[in-house]
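Below you'll find the structure, written out as structure tokens, and then a few comments.
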């Protein structure tokens, strides 16, 4: 009986460890920080990046970024621009599991349906009025949406398709906080109709119940060299 209890507890402990590993976001660091550096001579390699010696080589610039001061250029087809501050821009974010983005919207500008495969997101509206929402997974595909005003925030769960639309007549600005140093982004329309090489028209016509000419037209919109979305 005692042996059975011990085995049961061991099994539960293993399950708990497996769950914690499966549900965790970016790994927790085992040191104060690990400033990413493109130097293969460095001796430490953490989360896909080589690290500077934290005692001697890290500088304040490794932990700062000035790219969010100015509005993004929204002169594009969608009327929005995302300026991301991730580990590529702030090397000191490596292993810390967070990043940030500024999103600018022209009047009626759209940050189109997309997903972050590695992060949940909290969006805070700084200026303007945004209609935002996300869609739950199959089979329900429930739309959860709301109109946000200055000072409001909204949470987008990791991996779910979400969007933001400026429903006001003036510019809007929001800050997105993301739970990964490298959250990734998959813009749905661009991924499906702008993949390289292109997804077979036979696949897309059946998946979306569209005529092949319509599919070809959609693909042509995303295959231009100067697209900005």
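Yeah, the Cβs are placed from backbone N, Cα and C, and that goes for glycine too.
For 111, 116, 121, the entry in TrEMBL reads oxalate binding site. What TrEMBL records for 114, 116, 121, 162 is Mn(2+) binding site. Feature annotation from TrEMBL assigns disulfide bond to 34-51. Marked as domain 'Cupin type-1' by TrEMBL: 66-216. Annotation source TrEMBL lists signal peptide at 1-24.
The structure, with features from TrEMBL marked on it.
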residue: 34; record: disulfide bond; CB count, 10 Å: 24
residue: 51; record: disulfide bond; CB count, 10 Å: 23
residue: 111; record: oxalate binding site; CB count, 10 Å: 26
residue: 114; record: Mn(2+) binding site; CB count, 10 Å: 20
residue: 116; record: oxalate binding site; CB count, 10 Å: 24
residue: 121; record: oxalate binding site; CB count, 10 Å: 22
residue: 162; record: Mn(2+) binding site; CB count, 10 Å: 23
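The subset of recorded positions (34, 51, 162) lying with their Cα within 10 Å of the Cα of residue 111 (oxalate binding site) consists of 162, given in sequence order. Taking the C-alpha positions, the distance from residue 121 (oxalate binding site) to residue 162 (Mn(2+) binding site) comes to 10 Å. Report note: the oxalate site is defined by 111, 116, 121, and the residues of the same chain whose CB lies within 8 Å of the CB centroid of those residues, excluding them, are 101, 114, 115, 123, 156, 162, 176, 178, 183, 185.
Of all the recorded positions in the record (34, 51, 162), the one with the smallest CA separation from residue 116 (oxalate binding site) is 162. The two recorded residues, residue 162 (Mn(2+) binding site) and residue 34 (disulfide bond), show a Cα separation of 32 Å. Mean model confidence for the domain 'Cupin type-1' (66-216) is a pLDDT of 96. In this structure the alpha carbons, written CA, of residue 34 (disulfide bond) and residue 114 (Mn(2+) binding site) are 30 Å apart.
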